[in-house]
Amino acid sequence: VCCDECHPGNRLVKQCGPRPKELCIPCETGTYTQNPMTLRCARCTQCVGAQVHLKDCTMKSDTQCGCRDGLTCGDGKCSYCVEKCAKGFEPTDDSSCRPCPHGTFNDKSHSRCKPWSTRCPGPNQEIVSEGNAFSDVQCQVMVTPENSPKPPAVNPDLPRPVVSYEVIIAVMMAVFIATIVIIIIVAVKVNHTRKKPEKKPEKQLTTPVIRTPTDDPRTLIAIECSFHEAQQEQGSSTESLIKDSSEEFAP
């Protein structure tokens, strides 16, 4: 029996043999392989120095390393770290950064500088300002009499817009409702004013007037009448005494 390829994470022991399970064996601890027909597993990478550990090593894949803040990987396997160049700079062959030369720019982190554009991308555009280390040249549309926008032509045959009847009806309804509300408010105020109770004048206490006898003829007549009645009563009593005395002395 011969082996065409081993399973991922296994290395080849021998190409052919009587027992298929003895043709491939798993990688030892600390090693890995991505080649199905390799005879030896590779040792796992160790993240050192400016590198940071991102992912552990397995039998199928190597350790994944990264770089600290401000640094970036120097190659695709991130086997070393270099300074991360900011916008307006570009990386050099000695893993450092340098400013973009005049006439070039870089608007991305850790990228190569690109030359300024020599013409604008759109029609009727012109360069109005040159670029710098961070951006390309600035373009702007130039307005000329030929390409300036013209006002729309007015068709005299089209009817002029008129006010919609719905708008007129809505305005009239609003005025009518406002008038009704004002009338109701005025009526309520007038009715409230009429219903206020009137203050009744306080009754003055009258005290009886006692009049003294005066020279009024009616008063004098009353006094004289009283006097005569008293004398009459006195005369009657005298006559009764005389009558009683004569009866006592009679034989």
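Using the three backbone atoms N, Cα and C, a Cβ is placed for every residue, glycine included.
Curation plays no part in TrEMBL annotations; they are all automatic predictions.
Database features (TrEMBL):
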COMPBIAS  241-251  compositional bias 'Basic and acidic residues'
DISULFID  Cys44-Cys57  disulfide bond
DISULFID  Cys47-Cys65  disulfide bond
DOMAIN    26-65  domain 'TNFR-Cys'
REGION    193-214  region 'Disordered'
REGION    230-251  region 'Disordered'
REPEAT    26-65  repeat 'TNFR-Cys'
TRANSMEM  167-190  transmembrane segment
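Overlay of TrEMBL annotations on the structure.
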{"residue": "Cys44", "record": "disulfide bond", "Cβ within 10 Å": "17"}
{"residue": "Cys47", "record": "disulfide bond", "Cβ within 10 Å": "16"}
{"residue": "Cys57", "record": "disulfide bond", "Cβ within 10 Å": "20"}
{"residue": "Cys65", "record": "disulfide bond", "Cβ within 10 Å": "22"}
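Secondary structure at Cys47 (disulfide bond), taken from DSSP and collapsed to helix, strand or coil, is coil. Tertiary proximity for the domain 'TNFR-Cys' (26-65) is limited to same-chain residues at least six positions away from its ends with a CB under 8 Å from its CB atoms, namely 5-13, 71, 78-81.
Counting in whole angstrom, Cys65 (disulfide bond) lies 10 from Cys57 (disulfide bond) by their C-alpha atoms.
The average pLDDT computed for the domain 'TNFR-Cys' (26-65) is 93.
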